[in-house]
Amino acid sequence: MTQRWEIDERALLKNSTALRTAAESATPVSPVGPASEEESSNREARDRKSVRRHASDPFRTVHRWFRSLLHEEAERGSLFVATALLFAAGAFSYFALRGTFHPLQLAVISLPALFAAFSYRGRFAGTFGAVLFAFICGAAVSAAHVAMRDHQTLGSPVATELTGRIQSSERLEDGRRRFVLDVLETARPPLRYAPQTVRVTVRSVSDDMRAGNVVKVRMRLLPPSGPVRPGGFDFSFRAWFDGLGATGFALGQMERIAGGPAPSLLHRARATINDLREGVDERIVSVLDGPKAAIASALTVGYGAAIPDEEREALRASGLAHVLAISGLHMALAAGTVIGSIRLLLALFPVVAARWPIRKWAAGGGLAAAAVYLLLSGGAIATQRSFIMLAIMLSALLFDRTALTMRNLALAMFLVVLIAPHEVAGPSFQMSFAATAALIAAYRAHNNWQWRRRAAGSDQISSGPVRLVGKFAAGVLATTLIAGAATTIFALWHFQRLAPLAPLGNLLAAPIISLLVMPMAVLSLLLMPLGLDAPFLKLMGEGIDAMLWIAAFVAELSPEDGAGLISGPAVLLLAAALGLFAILQTGLRWIALPLAIAGVALLGSGERPVGFILENGRAVGLSTGRGALASNRSRLSDFVGDQWMRALGTDRMAKPVKVENATSAIGSEPGGPEASGPSFKCDDRLCVYEPDGSRPIVWLKHAVDRAYWCGKAAIIIVGDTKTPKGGRCPASSESLVIDRMTLARQGSAALWRTNDGGWRITYAIADLSMPWHAARQWSRPARGLPDWEPRKRKTKDAATPQS
């Protein structure tokens, strides 16, 4: 028979000793109501059966264990962070799926998920509905941002006379200046579909050209280019979200003119800020010179276009390239300098420090300084994201909350995605949040470990300069290793490069950046209105020189860092593993381990293309299989060549061999002791490349030569715009034809070998449904028309060359 136990409740109000005594002295009493021995035995039999059933059902045991851990994660706030991550993933999925869904469709799809989230709260179905709803909302935000924007993009290259208002300007390394102009009018010829904003490079310009001025210049405008390879950086995507409809260069002098429509209040405010930025840049150049002037300008007002390529490459190879972009590091150092200065100043007055919350005052001053820094830097999206993260953390200090937490990071992610969802697809967003999340998780674990040591009484606290220096060095090294490990997968995916000695570069340069460069930058900006900034700018320049020396030293030691293309599924698995391990705080975090193992195993399993074709049909690059890139162009642009070599894992160029007759040269060796495998053999009309185990690949300057090569070449690339009727080879010839019309519509192409020895072609732009690619279908090459050339004979009414 079962028994009840009675405890004297008065004993519970006493100390723990009395509580144990009461429990030990408890006496069993009879249960309420009579119970027969038969009923009692039946109840015990049912209990034993239930125990056996649960013991023999491992699924139920695992389910209960999973639910308990999930409940614990919810109590610790991990589900809120996971919701933010899925919100960002939904925004990314919209661009990855090329806008398959309309915002209204996404709203309808989200209703079942929302119903499940509210109807099954506290259960797995409710949790799943909530995260699914967050994912769909992220995609809906991206769709809404795209639908709300309305930018006109140039379809084809054209020369025109443009009148516009200067939005901003920036000096370049070679002395030229780059202007962003708001288009007011076009003439000679007038454009029917003129872009609203263009970016133009001018060789020489007078010093009185300031933001807000109205200017007139004749220029050659070009549509924003697409990726130079499938999966590469898409400048047209970035330009569309930045509001740029065309780029170009001036064909004559830029003239300042009077008049023009009155600017709006927003335009006047933006012109004032940009004019201030240009003034700061001019002041820096007047005090400093060379690369350190360009880097100082990049760190203060965001003008980094004048940094020489040599210094930029050294900073990248040493793992210090992040210094050039104003991001969280710069925001934190600038705000930290102001916060430390305010607290130090107020601490000189004991009465104020004792009676008032100077810590909060300092945090408010740091927040204001960060806002001013945001305006001075130009307010780029990456800088806005850093400001949002810092503002949330400083606001937490104002309300007596912990600043650096995963919840604050999740809130920053929500706000960034709401403001600029397209940033989720870029490396800056991914690497920044990955590094921050990894650092928060790592230092949270370190703090928990220290707390346990102190609780156990085994933490021996000592002080001294050696210990302080050691702790600082260990902190910098640990931060670099953790952040570097978290961003490695994204760096490989976007750039196909690594900086193996980045920990060494950051360990040596971090003290200089933190204690000299950025504090002097803040002080020089504060004292610049008084004309007292020169000594601090010179100290900043000395720090930049030391940083450049360290970068060159580490870059010289660094081995080759090219890695080639990696597998997309591996990136997704490793990113998911990183997110789970950083967010979760219970035993559930070990779910990330099998994902990480699978991701590492798949890293080298991805198929790699053999070569690429540029979207204008004029440049072809093929891997020789011996570490070289063979091209049909003797001079390939630095950007295109670098992108192709990194993707193919090559490190040098194999220039084409000039021959009198490329057709008759088939089968001959390229010759020469420096030959890096097969090379293109070119004459005045065509270029031929002979890959191992395949028919030749032919590039034709004129489409009329296509018929001869049908059946003889594996791939025929036509660089001419007009493809004659019947331009495709017969199916029986097994020759693939890639003409410029196709490339103009679908972008650059990648060539792949199939398992049966054949060829497969993929294009950078699968469809033209996205607005930043829509103008391609109206370009002259996409319609089979030759490139527009100005008429030699002047006419009164010039025809509009743009569709």
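Even glycines carry a Cβ here, placed using N, Cα and C.
Record features, source TrEMBL:
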DOMAIN    106-250  domain 'DUF4131'
DOMAIN    299-584  domain 'ComEC/Rec2-related protein'
REGION    18-53  region 'Disordered'
REGION    780-803  region 'Disordered'
TRANSMEM  77-97  transmembrane segment
TRANSMEM  128-147  transmembrane segment
TRANSMEM  320-349  transmembrane segment
TRANSMEM  361-383  transmembrane segment
TRANSMEM  404-422  transmembrane segment
TRANSMEM  472-495  transmembrane segment
TRANSMEM  507-527  transmembrane segment
TRANSMEM  563-584  transmembrane segment
The transmembrane segment (320-349) touching the transmembrane segment (507-527) per 3+ Cβ pairs under 8 Å rule: yes
Long-range environment of the transmembrane segment (320-349) - Cβ separation under 8 angstroms, sequence gap at least 6: 295, 298-299, 302, 304, 307, 312, 356, 358-359, 361-363, 365-370, 373-374, 377, 380, 382-383, 385-387, 389-390, 394, 428, 432, 436, 499, 502, 505-506, 509, 513-514, 518-519, 521-523, 547, 550-551
Beyond the flanks of the transmembrane segment (404-422) by 6 or more, those residues with Cβ under 8 Å of it: 77-78, 80-81, 83-85, 87-88, 91, 94-95, 138, 141-142, 145, 237, 241, 381, 384-385, 388-389, 392-393, 396, 429, 433, 436-437, 440-441, 443-444, 582-583
Cβ contacts under 8 Å made by the transmembrane segment (472-495) with residues that lie 6+ beyond its boundaries: 233, 319, 427, 430-431, 434-435, 437-439, 442, 502-503, 506-507, 510-511, 563, 566, 568, 570-571, 574-575, 578, 599, 646
Secondary structure composition of the domain 'DUF4131' (106-250) [DSSP: H/G/I, E/B, coil]: 47 helix, 45 strand, 53 coil
Residues from the same chain, set at least six apart from the ends of the transmembrane segment (361-383), whose C-beta lies under 8 A from its own: 168, 273-274, 276-277, 280, 300-302, 325-327, 330-331, 334-340, 342-343, 346, 390-391, 394-395, 397-398, 420, 423, 428-429, 432, 522, 525
Reported mean pLDDT - the domain 'DUF4131' (106-250): 86
